[in-house]
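Enquirer: Structure incoming, see below.
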Amino acid sequence: MTGTPDPTGTPDPTAVTNPTGATDPTGATDPTGATGTRGATGPEDAPAAAPGTTAAPLHLAVALDGAGWHPAAWREEGARPGELLDAVYWAGLVAEAERGLIDFVTFEDALGLQSAAFHLPDDRTDQVRGSIDAVLLAAHLAPLTTHIGLVPTTNVTHTEPFHLAIGIATLDHASRGRAGWRPQISSRAADAAHFGRRTTPQLTEDDVTDPESVSQPLRALFSEGAEAVEAARRLWDSWEDGAEIRDAATGRFLDRDKVHHIDFRGSGFSVKGPSITPRSPQGQPLVVSLAHATVPYEFAALSSDVVAVTPHDRPGAAAILAQVAEAVERTGRDVTERPLRTFADLVVFLDDEPGVAARRKARLDETAGAEFVSDAEIFTGTPTGLADLLLDWHSTGLDGFRLRPGTLPHDLTAITRSLVPELQRRGAFRTEYASTTLRGHLGLARPVSRYGRAG
Amino acid sequence: MSATAKKQVHLAAQLPGIHNVTVWSDPRSGSQIAIDSFIRLAQTVERGRFDFFFLAEGLRLREHKGEVYDLDIAGRPENLTVLSALAAVTTHLGLVATVNATFNEPYEVARRFATLDRLSGGRAGWNVVTSYDAFTGENFRRGGFLPEADRYTRAAEFLTVARKLWDSWSESDLKADAVAGEFATSGAGRFAHRGQHFDISGRFTTPPGPQGHPVIVQSGESDAGREFAASDAEVIFSKHNRIDVAREFYRDVKRRLATYGRRPEDLLILPTANAIVADTDEEAAAYAQEVSRELVSPQTAIAHLEAVWGRDLSAYDPDGPLPGIEPEDDAHFLKGHSVFRKGRAETARQWRRLAEERNLSIRELVIEVGGRQTFVGSPRTVADAIDDYVQTGGADGFVLVPHLTPGGLDDFVDRVVPILQEKGVHRDDYTGTTLRDHLGLSAAPRPAGWGGPGRPPLGAASARPEGETR
Ligand SMILES: Cc1cc2nc3c(=O)[nH]c(=O)nc-3n(C[C@H](O)[C@H](O)[C@H](O)COP(=O)(O)O)c2cc1C
């Protein structure tokens, strides 16, 4: 396994290492630039996995973070920097995303303060600092929404898999089947010092210049992350459907034959089970991960229902899909039984008039004092132009896109009020939600408990 | 209401996820896990102007004779997650989560409570518990458990660290000043702690919510538990089903406060209780009788006895006398249940004496010893009894645990609360917005200058730092 937190960098203000590849908040170490040129050098003959442009449904997710993904976004007119840690701000954003019929929103998180350096804390005061727990935020938004999927990020290195599993199951109950989970490892020594019970590999400047080399010292954390997801999945299955029988005649509330110990033994922890939380509406909430290289592709193949990748053009997308398919093969995953949905991440700056978005980004760069670069391709342009791009890349076999708004709420509103109608006009995006669960939106079945199957 | 002369009755509600406290076989009994149940009960008691909604915690399903215990209601959510959802559908109700200090780490717990306090606009409370056996530990990285003495010192240090983390941001640290380009000060969130259980340092991510510190709740009755409550807690969640014992506990705990420079009103004592309300006292009494038998089925009675006796008693008649045989100390018989804490032999001795004195069958005995304080009668009778209990020094109020989920407090809110309001012992409407406001507690201690986000600094209603946009 290789690859990991992608040091090609985006000013992801919360970025710590992600099990599937996170982002480098500096952007300064980006070896390829973020202009979309990297993908151009990729294999031109990569197989296009899907045919026609609009044959398969196109899915859209939105990645919410702070005031938007540009580090100067909080200083834009229309930003609400004093409210970034308060409920009402997030309620407004998610309501807007739901109006746009978006499949799901993700919430970034970390157990350390944001930093401009991938592997180290900093003392900067000119960027957004401070965050709230993403699972609790998502749960808070659940009763305020009805259809949109809610996908919080959690750390899996310093937390207890049992707590995480019951938290996400509870989110699924609270949202009536709209919970997802983005597990993320943490390699920062500073985060480890917040817990004081283990150390993590100390990365060097050299490590973080390349996604493949940064993944090497983190291999063990990734496999532990995969164990955390496996333990959670078993806990989610540990109550079969119908375990609660309320049989007044025998006085039994539970059928204990349908409630199972999981007896999970991992390299660094073990979990006896069963869960304290009954099986949730989706059975298995949706696991989403972000990946930039081989190690996180394998993590996704083992653990995820959706993998977000970061191609920079159409051939790059096809090449990455081929790598993901290889990882799936290596891990022996049966994708007929457990499909893996693929999304491409894009940072977007959108304005209706050509040229305006690029000028806006340039102005933000100037305010920030550095050009904004990212692990993901940065799109500046019109909603029509973005629709062209999405449909073009979609034809490689990508199931959808996770759009990271450059500024909030501006670029989110452009997605929901301009991009979505444009895609609808082209018959490429839903005109109403056809289901009420996140699995339903993505066309994924509700799995049967593994313990029930075992019989 | 002119309520000034009389002590106020503080009311809270709990939605139970385990134990034999709800009549799950009743056709009116709904899901104990579906979000609708939580919303329904929370909104009902908010309509009744209760202080808070409360959730207990148990981090493992109980087991009996080596198998999952199947007789009682079981299955519960993760507390802070469900309370964060409830914060969105309530406006004033306090939200109190039980969270264990043995199988968690302070950084994460402090962050989650700060988050709940922000999301709810200052309505968070934390019931700090430990754990009583190794059984629960099998679900966690730590594994096993700590010796009992260490669990208490860890809990106390845990709380100390959490307070450091909450205090690591002052209000003036969050600038959000777009013009000057300063989002937060460079020192924001910095902390360090070195002690017996924790050696941690770094920067905390989360500026605290309006209360600064959530309200601290304690439950546990030992001498050590009482001292912990007297020194550190603001609410005690207790369990008494006799008013004389309750009064003794109340006097004892309130007396201990002075040692820590605190006033009697700085710590509220709220025993768990149920109210069974009907048109007449007679109807209520008959229904209460029915409920108590529903809660303790013949199988449940035997299981409870087996837990104490540590041996198979399935051959005994639940409606017959207690077994003549002695308990065996089989700690593996029932796991995850607090019933062991006193020691089997002693508990068995007490139960047998009680059963002989009152001529109780096994089932009657289990109903008697397991019962919570239950107020039974017409709305007037129940209101009078609750008022009397509080005015005569038995409690500062109650955490009501309805015997039906989620509609079990409908009658109480619709019929008893108005009488308590008439009597001037329960608020007509909320007068504040935070849980501390409802409980009449002073603000948590703060670093100089801190007033909490969203409210002016205490005693200095003006001064806001330049550029502070909140
Ligand atoms: C009324 C009451 C409620 C309690 N609720 C919980 C709970 O929800 N979760 C838990 O782990 N322990 C709970 N406990 C256990 C106590 O927090 C404590 O750990 C235990 O009683 C030992 O303390 P003690 O020796 O001071 O009684 C409760 C105890 C009492 C008396």
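In case you wondered, yes, glycine gets a Cβ from its N, Cα and C as well.
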Enquirer: Out of B:401-435, B:436-470, which range is noted as region 'Disordered' by TrEMBL?
Expert: B:436-470
Enquirer: B:SER25, B:SER29, B:SER222, B:SER238: which one does TrEMBL list with B:THR98, B:TYR152 for the FMN site?
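Expert: So the FMN site in TrEMBL includes B:THR98, B:TYR152 plus, from the candidates B:SER25, B:SER29, B:SER222, B:SER238, B:SER222.
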Enquirer: Ranking the binding-site residues B:THR98, B:SER222 by other Cβ atoms within 10 Å, which is at the bottom?
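Expert: The binding-site residues B:THR98, B:SER222 were compared, and B:SER222 has the fewest Cβ atoms within 10 Å.
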Enquirer: Looking only at B:THR98, B:TYR152, B:SER222, which the record lists for FMN, tell me the maximum pairwise CA distance in angstrom.
Expert: 18
Enquirer: Using a 10 Å radius around its CB, how many other CB atoms surround B:TYR152 (FMN binding site)?
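Expert: So the Cβ neighbour count for B:TYR152 (FMN binding site) comes to 20.
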Enquirer: What binding-site residues among B:THR98, B:TYR152, B:SER222 have a C-beta sitting less than 6 Å from any atom of ligand 1?
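Expert: Among B:THR98, B:TYR152, B:SER222, near ligand 1: B:THR98, B:SER222.
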Enquirer: Is B:SER222 (FMN binding site) helix, strand or coil when read with DSSP?
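Expert: B:SER222 (FMN binding site) sits in coil per DSSP, no helix or strand.
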Enquirer: Using DSSP with the three-state reduction, classify B:THR98 (FMN binding site) as helix, strand or coil.
Expert: strand
